Each structure stands twice: as C-alpha cells, then as structure tokens.
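Undergrad: Below: one structure in structure tokens.
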Amino acid sequence: MNSTSDLTQGRPFKLIMRFFFPLLLTNSLQQLYSFADTAIVGKGLGDDSLAAVGNMSSLCFLIIGFSMGLSNGFSILIAQSFGEKNMDKLRRTLAHSIELAAVITVLLTLFSAVFLRYILVLLRTDPSIIGESLQYGYILFGGLAATIMYNMCAGILRALGDSKTPLKAIIVSSIMNITLNSVFIFIFHWGVSGAALATIVSQVFSGAVCLDKLRKTDFLALTKADFSHDARMYSKLLGNGIPMALMNSITAVGCMAVQYFVNGLGVAFTSAYSACSRYLNMFMQPAATAGAAMSSYTSQNYGAKRFDRIWDGLKVCLGIAGAAYLVFGSVMVFFPRWLASLILSGEKQISYAAEFLPLCGIMILSVDMLFVIRNGVQGMGFPFVPMLSGIAEMVLRIGAIVLLIDSLGFKATAAAEIFAWVGALLINSAAFIVIFTREKAKYSISRNTAQTLCIPHGKPKHI
C-alpha cells in the first residue's frame, strides 16, 4: 500500500501538490509525444498527411473519449470505496469494472470498424486525404484494447492516490512512441500507418506497466467471489460511467460539427485546425491535471464525508488553473505565429492558425476552471450534471459555428470553442455550489441526529 495515498488525512495543499506534479508530468509527456507525432507527420509527410491525421481527432475523441469517460466513472467509485476504507467493496467494484470494460472494448472496436468510412464521408473529408485518414483510423481503433487497458489501469491507480506509476509508464511510452514514429515514418516509410502503429505499441507497454503495479498491490488481489455477478454493482458502475462517457461523446459530436465546417473550407484550414487543436490540448493539461487531482481528492473525501476538505481542495486546484492560464494564455496571445510554425509548413496554414490561437488564449481560463469544477461535481458522485453540461457545450459549439462561419470564417471555430467553454463553466459552477451545500447539510443533519440518539455514525452503508 505504500504507493497509494490516503487523501482524507493531512494538509490539502501538500497532498494535492504531491499528487498533482507526477500526474502533470504524465499528462505533459503524453501531450509531448502527441505534439512530436504531429510535428513528425507534418514535417516528414507534409501538411496534407497532417490534415488526414488531424481529421481523425474529433472521431478519436468520440470513441476513445467514451471509453475514458466510463473508466473515469468506474474509478470514482473505486476512490470512494478507498476513502470509506471498505476494501471488500473496492475489490468487487474493481472486478465488475474489468468485466464491463472487456465488453465495452469489443463493442467499440466493432463500431469503429464498421462505421469509420461512413463517418468520415459525413464529415465532408476531402477526397485527397480520406485514404490516409482511413489507414490511420483502422489501425488506431484496431488497437483500442491497448488504449482502454492503459486508461483503465492508470485511472484506478490515480483513484488510489498513486500518480507516480502512471508517470513511469508514460515515460517509457513517450520514448518508445517518438522513437517508433521516427523509425516507421523516416526509415520504413510507412506513412500515417506508421504513426498509428507507434501509438498502439507504446500504449501496450504503458498499460502493461500500470497493470503490473495493480497486480502487485496486496489489497487489490481479486478472488473468484469478487467476480460473482452483482446486478446492483453493474447498475451502479454504469450509472456513474455512462453519463461521463456520454459527456465526452456529446462534446465530441460538437467538435465533429466544427470539423465538418472546417473541412468545407479546404485542406489548408483542416491542417491549421489540427495544429491549433494540438496546442489547445497541450496548454489545457495543467488545468486538466488539476481537475484529475480534484476528482480523486473529492472522491476519497466525499466517501469519508470530509466536506471541509473538499472546499479547501477546490481552492487549491483553482489556484493551479489560474497560474496555468497566466503562462499558457500569454504564450497563445503573444506568440501565435511562432507556435504555428513549429508544426505547419505552409504560409497560409500558419496565418490561419495565428488567427485562432490568440482568441482562445484570452478565454482559456474558462475551460481551465471548468476542468476543476466539473471534476469536483463528478467526484461527489453526480455525473449527470457534467453530462447535461456536455449537451450544452454541443449546442453552443454547433450554434456558434453555424451562425458565425459565414461572417467570421475560420475565426468562427475559435468563437465556437469559447461559447462552449463559458456555457459549461456556468452550469457546472452553479451545480457544484448547490450540490456541495445540500450534501454538506444532509450529512450535518444525519450526524446531529445520530449524536442525539447515541447511534454510531460516520460509516456509510455498504452496498
């Protein structure tokens, strides 16, 4: 148990920062090798190949984001069990999560294999790049089991307060991914297929590192009894996981709508949008990491009914998000052309990207805060609110791009992002305040009643 962390005891700032930094390095390395992939494809294969790979981004978010949402939902229940110190419940939750993940992997792999071409056509993918998009997509989704294994295992470790093992895994994965990308593209000349294959191979190794750590954690040793079918457990896991999965997928549909309009502008715009999306993902990582820390921290403390600590944790994580905004928002506003030129080669593509980045840089604080607050809501066990905010994101993103594309052109894509971020932030902020206040009051009433009746309190009922 040495590598796990009890986030219900000790100073919130110290605990969160100790959890945050390894996780930040993990996520930053993931973005680094994603950036390296993009640069290698863009510089090594050209802007059209970059457009083909970038064209898959929203579809990857739809399918992989769905699986990640499920994994995150399952992990929150594991973290709550850990916070309750109920190891029997934790093991049963883990066992049933594994069974559900296996079924979902098969279904998502079949879905992507059957519908990939149709979806790319619906997105108005340019005929000149659809072949490469298909090559990349079939390989990437064919290895979906490796992606889900890594996300599932890493999510469980983070739920238990271990952010160091995923860091070790991603260090190995990053080195392997960048090396294999270079070899497959520059030496073997496998094109975008090589980029996809490098990603899958590296994820197999990172997933194996996390899985090995789980197998060596004594209190996670599963028995046959843990896998005995429990309809209530399946229902609870899916009730928590599906709303989070749908939140990601609904958001992805909005992104796909933006991709549809971008593709209609031409391949040069598709390349520029791909580069901008990479930068957004990279610069959001500190806040996204603070959100992941908030999720694990809130889940454990909600399980322990330590509401005072949840509020303290929120302030720490919002502080991290604010600091990230000052750094990365400034870079996007003041150095957009330099950023674009690191990935793109064509002058037109660089100019288009330089229009997008400053606009999003000014408003990126809204999505930074959203990551933290939304994860706080999820950590308290209320996944339907983020799902509803995901619907709002989709509506705002699609509405903005439809209404503004004719007048603003490519800048409408930035406006669509900003409207979606602000709308989701307002919904989740209001929900967090209401839920936190209500749950804290409910627990205070039950505790006072128990004290009056001399009934022991503080231990939630087991499932």
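Cβ coordinates come from backbone N, Cα and C, glycine included.
TrEMBL: automatically predicted annotations, no manual curation.
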Undergrad: Examine the ranges 15-36, 389-410 and name the one recorded by TrEMBL as transmembrane segment.
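TA: From TrEMBL, the annotated transmembrane segment range turns out to be 15-36.
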Undergrad: Among 15-36, 56-79, 100-123, 135-157, 418-437, point out the range having the most Cβ pairs under 8 angstroms from the transmembrane segment (316-336).
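TA: Ranked by Cβ pairs under 8 Å, first place goes to 15-36.
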Undergrad: Same chain only, please: residues at least 6 beyond the ends of the transmembrane segment (56-79) with a C-beta under 8 Å from a C-beta of the stretch. Say none if there are none.
TA: 90, 93-94, 97, 100-101, 104-105, 108, 111-112, 116, 119-120, 123, 133, 136-137, 140-141, 144, 147-148, 151-152, 155-156, 158-160, 236-237, 240-249, 251-253, 255-256, 258-259, 274, 277, 295-296, 299-300, 303, 378-379, 381, 383
Undergrad: So, taking each listed stretch (100-123, 135-157, 169-188, 242-262) in turn and counting its Cβ pairs to the transmembrane segment (15-36) that are under 8 angstroms, which one gives the highest count?
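TA: Selected stretch: 169-188, with the most Cβ pairs under 8 Å.
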Undergrad: Excluding the flanking five residues on each side, which residues at least 6 beyond the ends of the transmembrane segment (135-157) place their CB within less than 8 Å of a CB in that stretch?
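TA: Hits for the transmembrane segment (135-157): 26, 52-53, 56, 59-60, 63-64, 67-68, 71-72, 74-75, 78, 94, 97-98, 101, 104-105, 108-109, 112-113, 116, 120, 163, 165-166, 169, 191-193, 195-197, 199-200, 203-204, 206-207, 210-211, 213-214.
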